[in-house]
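Here's what Swiss-Prot has on this protein:
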{"type": "BINDING", "residues": "GLY72, ASN73, GLU74, SER75, SER76, GLY77, LYS78, THR79", "note": "ATP binding site"}
Amino acid sequence: MAKNDSKDANKEELLEKLVKELEKNHGTGSVMLMGKGLDNSNLAVVPSGCLSLDIALGVGGYPRGRIIEIYGNESSGKTTLALHSLAEVQKLNGIVAFVDAEHALDVEYARKLGVDVDKLIVSQPDYGEQALEIVDSLVRSNIVDLIVVDSVAALVPKAEIEGAMGDSHMGLQARLMSQALRKLAGSINKSKSIVIFINQVRMKIGVVYGNPETTTGGIALKFYATIRVEVRKGNPIREGKDQIGNETTLKVVKNKVAPPFKQANVDMIFGRGIPKENDIFNIAVEEELIQRKGAWFSFINENGEEISLGQGKTNSVSYLMENPDILDYLEYTIRKKHNLIIPDYLIEKFESNSSKGKKVKSEELQEN
């Protein structure tokens, strides 16, 4: 027994010596013991700007230092979802950038969703290599918290732009993405920036069985992305005869930091994105914080009193907009139940002891 103990102690000494030698040769932090170096137990996350998606992601938002892919069909709400994320990071005093490869950023729409466009870094690159070099520079600066690339399909290689119409450039974009992601993955992780790639869907030719849909830019992004979110447009939302939006499903098809395949059902309203009150209402109904009796919705407050919200979803959501205290209470209850970040104003409003819950500080985004 004593022999085994001395052998184990000797192994530990040799291991310590090996780690020190590798660090000496390759630099501090190049190799480390898991128990002494890396700590994934307290994963730094940034809220996505959509409460339903924060719940579906399992960790309360997008993890820092990771690559995220948001993909879907045309006009499904991909850019809207990314703009909500930009606005959320800016609320936490973060620095954000938008690489507009499609040259289609609607500044007024971004402003309506809460993005401070005066403080938004915007780039409209001429070709794919330039766009990815700009992303690399932003990441390596260590000051940009969130970078959105819209979109992968628009990252056209320089050779294709300079070539003639009809020239074959098979696999050029896929090679470009593969090379760029090999270079970006390490620097993104070290800088703690979040990079969101928006991607489009294409149909594979000749697929008889299985899903014929695929994303552009090859398969490298599928491998390097920590989280992949599919945005799928559903039934139209109508107000009378007019369509005012679409029911949209956000499905987490890949997740390296929590269980995947969870989904969020949200309302995408034209000109407003994903309204907070609609999102909270949908979650509250699903989790029975709001009771439904036929077409009527009611809510039981903290004092046990039943409050009627109205007949139908539209009237009930309008009631929540007119009564922000009830909306705040529902948001606080949902965030606490799912162990999500609770903003300061909700803690001060509903907790006597301000030390309870997860607080969001303006400095927290920069420190993590």
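The count begins at 1 with the first shown residue.
Any Cβ shown, glycine's included, is placed from N, Cα and C.
Sequence-distant neighbours of LYS78 (ATP binding site) (same chain, six or more apart, CB under 8 Å from its CB) are ILE70, TYR71, GLY72, ASP150, SER151, ILE198, ASN199, VAL231, listed in sequence order. Cβ environment of SER75 (ATP binding site): LYS233 lie under 8 Å away, each six or more residues apart in the same chain. In sequence order, GLN200 are the residues of the chain that are 6 or more apart from GLU74 (ATP binding site) and have a CB within less than 8 Å of its CB. The secondary structure of GLU74 (ATP binding site), as reduced to three states from DSSP, is coil rather than helix or strand. Shown in sequence order, VAL231, LYS233 are the same-chain residues outside GLY72, ASN73, GLU74, SER75, SER76, GLY77, LYS78, THR79 whose Cβ sits within 8 Å of the Cβ centre of the ATP site. Counting other Cβ atoms within 10 Å of each Cβ, the lowest count among the binding-site residues ASN73, SER76, THR79 belongs to ASN73.
Cβ environment of GLY77 (ATP binding site): VAL231, LYS233, ASN246, THR248, MET268, GLY273, ILE274 lie under 8 Å away, each six or more residues apart in the same chain.
Within 10 Å of the C-beta of GLY72 (ATP binding site) there are 24 other C-beta atoms, taking all protein chains into account.
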